[in-house]
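Down below is the structure, laid out as structure tokens.
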Amino acid sequence: MSKDIKSVEHSPKIHQRNDPQHVNDRTFFIDASNQSLTAIPLEIFTFTELEEVHLENNQIEEIPQEIQRLKNIRVLYLDKNNLRSLCPALGLLSSLESLDLSYNPIFSSSLVVVSFLHALRELRLYQTDLKEIPVVIFKNLHHLELLGLTGNHLKCLPKEIVNQTKLREIYLKRNQFEVFPQELCVLYTLEIIDLDENKIGAIPEEIGHLTGLQKFYMASNNLPVLPASLCQCSQLSVLDLSHNLLHSIPKSFAELRKMTEIGLSGNRLEKVPRLICRWTSLHLLYLGNTGLHRLRGSFRCLVNLRFLDLSQNHLHHCPLQICALKNLEVLGLDDNKIGQLPSELGSLSKLKILGLTGNEFLSFPEEVLSLASLEKLYIGQDQGFKLTYVPEHIRKLQSLKELYIENNHLEYLPVSLGSMPNLEVLDCRHNLLKQLPDAICQAQALKELRLEDNLLTHLPENLDSLVNLKVLTLMDNPMEEPPKEVCAEGNEAIWKYLKENRNRNIMATKIQAWWRGTMVQRGFGKFGELLKPQKKGKTSPKDKKGKKDVKGKPGKGKKK
């Protein structure tokens with residue numbers, strides 16, 4: 001269930017858009033994004049009272065001098081274009097508060113223009129191939145609250161960044177930092193620091209000076225230890241330390257009483273740190289691939305937990321402590337050594353997503369059928385034992401939307417799948433299916449049906465009645481009806497074939513019925529007898545006792 005169990009997600013605030021009902025000379029907002037524009041329409045500059053302009057995701061190559069007419073503009077989004085340089089007129093927008101130039105191949109030297117935007121509060125320069133930032137930006141701008149520099153080639157920050165005394169959020173993910181930017185430790189207004197996916201080997205003790213820090217992202221670095229001073233960041237609620245080199249967490253972290261989310265996946269902990277069980281306010285806990293064999297008894301105290309990732313560990317059974325977490329909505333147990341689930345699992349009445357892929361179940365774990373709120377079930381067995389059946393009782397999961405049962409040895413699917421009104425995704429890839437139940441055509445909510453690498457030769461003739469089905473995959477099946485060449489053309493060709501084949505069958509039935517009726521009218525037999533199929537080589541008449549005439553001899557009581 002990799003798309004549900006993942007590292008801590010976060011993103012900077014996105015400015016709210018309110019599309020105007022009318023466009024006139026007093027329009028305050030224009031959205032011209034996603035229009036394949038190669039230039040900014042000059043008509044935009046006639047709306048002199050514009051406050052917000054969205055031009056992202058186009059092919060714009062330059063900003064015209066006419067931009068200076070927009071004296072009142074506060075928000076300008078130009079991300080995902082082809083800008084290489086910025087015109088000097090951009091620096092005349094004295095009211096501009098939010099500027100997004102992300103995903104443009106901008107020359108860093110042209111960014112000097114930005115230093116004239118003295119009202120700027122938000123500057124986003126994600127993935128612009130920057131190796132350095134013009135120092136003058138940090139010298140001249142004093143109101144920055146958000147600075148986005150993710151996905152560049154930065155190795156350090158200019159010392160002048162300490163002038164940003166109002167900075168609250170800084171995003172430096174996926175750069176080339178090997179040393180933690182010490183300058184950040186004097187920016188006391190910082191609330192969010194994102195340094196994921198760098199090569200940082202240590203966090204300085206001075207991090208404790210940031211007492212207002214709320215979210216700290218340090219995943220995918222080279223941290224072997226953590227500074228005890230981090231416990232002084234008393235407002236810290238989100239901490240992502242996934243995929244580092246940690247073996248333990250400082251005991252002083254127990255003082256972080258506002259923790260709601262922590263990521264520790266991909267570290268060599270081998271056991272759950274005792275202090276984590278004291279963070280009873282935790283909502284999300286990532287412990288995947290940490291070498292765990294068991295959970296502490298006190299783990300049951302995490303009663304507010306909604307998301308728990310225990311995937312890729314060494315668990316031989318589903319810990320009973322989990323069954324006490326009544327608010328749990330997502331549980332990842334993938335890639336362990338679990339062979340059986342406890343009957344108490346049904347107490348997780350709010351569970352919506354359950355990952356069991358890659359375990360050691362000998363048969364389908366029917367304990368999951370008591371999870372009435374379950375919406376997604378992952379039970380593909382890409383390693384170890386293979387499941388040979390899915391029980392008909394699967395219909396008990398009436399809330400189920402997605403079922404992933406790939407990489408098993410299933411030869412058939414339960415008919416009851418057709419009575420699951422909310423089923424949208426059914427993944428049966430890499431099994432031994434020889435046919436689909438006709439009842440599958442009743443699963444009207446179905447949007448994706450993945451059937452690659454099975455033994456299918458035919459599809460149900462009414463499969464085209466699934467009007468919501470958008471994805472149907474049939475590669476690596478010995479298909480005959482429809483033929484492989486039809487299947488290769490996609491859904492539309494398959495639906496057309498099924499419809500035409502169905503019409504042919506209806507016509508054949510009508511012709512057969514007409515022929516039989518005609519034969520009866522002409523006295524060639526009773527209608528019921530004509531309906532009986534005749535076997536090859538068994539057409540000789542029988543006597544009253546049911547015995548056939550012997551060839552060359554008359555039947556008993558008959559004259560030769």
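Our numbering is plain: 1 for the first residue shown, then up by one each step along the chain.
The backbone N, Cα and C atoms fix where each Cβ goes, and this holds for glycine too.
Marked as region 'Disordered' by Swiss-Prot: 1-20 (among others).
Summarising the annotation, Swiss-Prot assigns repeat 'LRR 2' to 48-70. Residues belonging to the repeat 'LRR 2' (48-70) score a mean pLDDT of 96 in the model.
The repeat 'LRR 3' annotation in Swiss-Prot covers 72-95.
Nonlocal intrachain contacts for the repeat 'LRR 4' (97-116), taken as residues 6+ away from its ends with a CB within less than 8 angstroms of a stretch CB, comprise 15, 56, 74-88, 90-91, 122-134, 136-137, 139-141, 148. The annotation repeat 'LRR 4' is assigned in Swiss-Prot to 97-116.
Only residues 6 or more beyond the boundaries of the repeat 'LRR 6' (141-164), in the same chain, are considered here, and those with a CB under 8 A from a CB of the stretch are 12-13, 102, 114-115, 117-133, 135, 170-179, 181, 183-184, 186-187, 194. Annotation comment: Swiss-Prot describes 141-164 as repeat 'LRR 6'.
Per Swiss-Prot, the feature repeat 'LRR 8' maps to 188-210.
Feature annotation from Swiss-Prot assigns repeat 'LRR 10' to 234-256. Broken down by DSSP into helix, strand and coil, the repeat 'LRR 10' (234-256) contains 5 helix, 3 strand, 15 coil.
Summarising the annotation, Swiss-Prot assigns repeat 'LRR 13' to 302-325.
Taken from Swiss-Prot, the feature repeat 'LRR 14' applies to 326-348.
Residues or ranges marked as repeat 'LRR 16' in Swiss-Prot: 374-397.
Swiss-Prot lists 398-422 with the feature repeat 'LRR 17'. Cβ atoms under 8 Å from those of the repeat 'LRR 17' (398-422) belong to residues 1, 357, 372-382, 386-392, 428-437, 439-445, 450 of the same chain, restricted to positions at least 6 beyond its ends.
As annotated by Swiss-Prot, repeat 'LRR 18' applies to 424-443.
Counting residues 6+ beyond its ends, the repeat 'LRR 19' (444-466) has Cβ neighbours under 8 Å at 401, 406, 421-438, 472-482, 494-495, 498-499, 501-502, 505 in the same chain. Summarising the annotation, Swiss-Prot assigns repeat 'LRR 19' to 444-466.
Per Swiss-Prot, the feature domain 'IQ' maps to 504-533; the stated evidence is sequence analysis.
Annotated region 'Disordered' per Swiss-Prot: 529-560 (among others), in sequence order.
If you look up Swiss-Prot, you'll see 533-560 marked as compositional bias 'Basic residues'.
Residues 15, 33, 48-66, 101-107, 110-111, 113-119, 124, 126 of the same chain lie 6 or more positions beyond the ends of the repeat 'LRR 3' (72-95) yet place their CB under 8 Å from a CB of it.
Each residue of the repeat 'LRR 17' (398-422) gets a DSSP state, and the totals for helix, strand and coil are 5 helix, 3 strand, 17 coil. Through the fold, the repeat 'LRR 18' (424-443) approaches residues 380, 401-418, 449-460, 462-463, 465-466, 468, 473 of its own chain, all at least 6 residues removed from its boundaries and within a Cβ separation under 8 Å. With a cut-off of 8 Å between Cβ atoms, the residues of this chain six or more beyond the repeat 'LRR 2' (48-70) that come close are 15, 17, 25-40, 42, 76-87, 89-90, 92-93, 100.
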